[in-house]
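According to Swiss-Prot, the features are:
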type: SIGNAL; residues: 1-16; note: signal peptide
type: DISULFID; residues: 42-131; note: disulfide bond
type: DISULFID; residues: 44-60; note: disulfide bond
type: DISULFID; residues: 59-111; note: disulfide bond
type: DISULFID; residues: 65-138; note: disulfide bond
type: DISULFID; residues: 66-104; note: disulfide bond
type: DISULFID; residues: 73-97; note: disulfide bond
type: DISULFID; residues: 91-102; note: disulfide bond
type: REGION; residues: 121-133; note: region 'Important for membrane-damaging activities in eukaryotes and bacteria'
């Protein structure tokens, strides 16, 4: 079980801060990030390629694009501050880089929540080998 947890952390925690983003996802979707989004479609989880498979996967694609815009802020390792206020995620850093990364995660979590009804179990543990169509531009 411990090995499974470590693998799951490595898979979903590659961008942003695993626990912070996972907490945002849980608040907005009611789903555990590791079980539901670590390997989903072509973009949720490690890396991404091809065309997003559905609206849920497009949320992860958009997050990848957002991270690309703040790449100088080291989004894969950033630890930011945020809070939940009246059901909203509020990014609280004065540091512009940390706030930008938080906003990427915030937007993705909100998107996942707004599209939770598009979640398709057929895209859980989806093989990247199926992601061969040309990717959209960010």
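Glycine is treated like the rest: Cβ placed from N, Cα and C.
Remember, predicted model here, so these are calculated numbers, not experimental data.
In the three-state DSSP assignment, the secondary structure recorded for residue 91 (disulfide bond) is strand. Residues 36, 39-42, 47-51, 53-54, 56-57 of the same chain, all 6+ positions outside the region 'Important for membrane-damaging activities in eukaryotes and bacteria' (121-133), place their C-beta atoms under 8 angstroms from a C-beta of that stretch. With DSSP classes pooled into helix, strand and coil, the tally for the region 'Important for membrane-damaging activities in eukaryotes and bacteria' (121-133) is 6 helix, 1 strand, 6 coil. Residue environment of residue 73 (disulfide bond) contains 19 other Cβ atoms, counted within 10 Å of its Cβ in all protein chains. Only 104, from the disulfide-bonded residues 97, 104, 131, place their Cα within 10 Å of the Cα belonging to residue 65 (disulfide bond). Within 10 Å of residue 66 (disulfide bond), counting C-alpha to C-alpha distances, fall the following of the disulfide-bonded residues 42, 44, 97, 111, 131, 138: 138.
A simple way to gauge crowding: the CB of residue 97 (disulfide bond) has 15 other CB atoms within 10 angstroms, across all the protein chains here. Secondary structure at residue 42 (disulfide bond), taken from DSSP and collapsed to helix, strand or coil, is coil. Of the candidate disulfide-bonded residues, 44, 91, 131, the one lying closest to residue 111 (disulfide bond) when CA atoms are compared is 44.
Residue 66 (disulfide bond) carries a helical DSSP state (H, G or I). Separation of the C-alpha atoms of residue 131 (disulfide bond) and residue 44 (disulfide bond): 12 Å, rounded to the nearest whole number.
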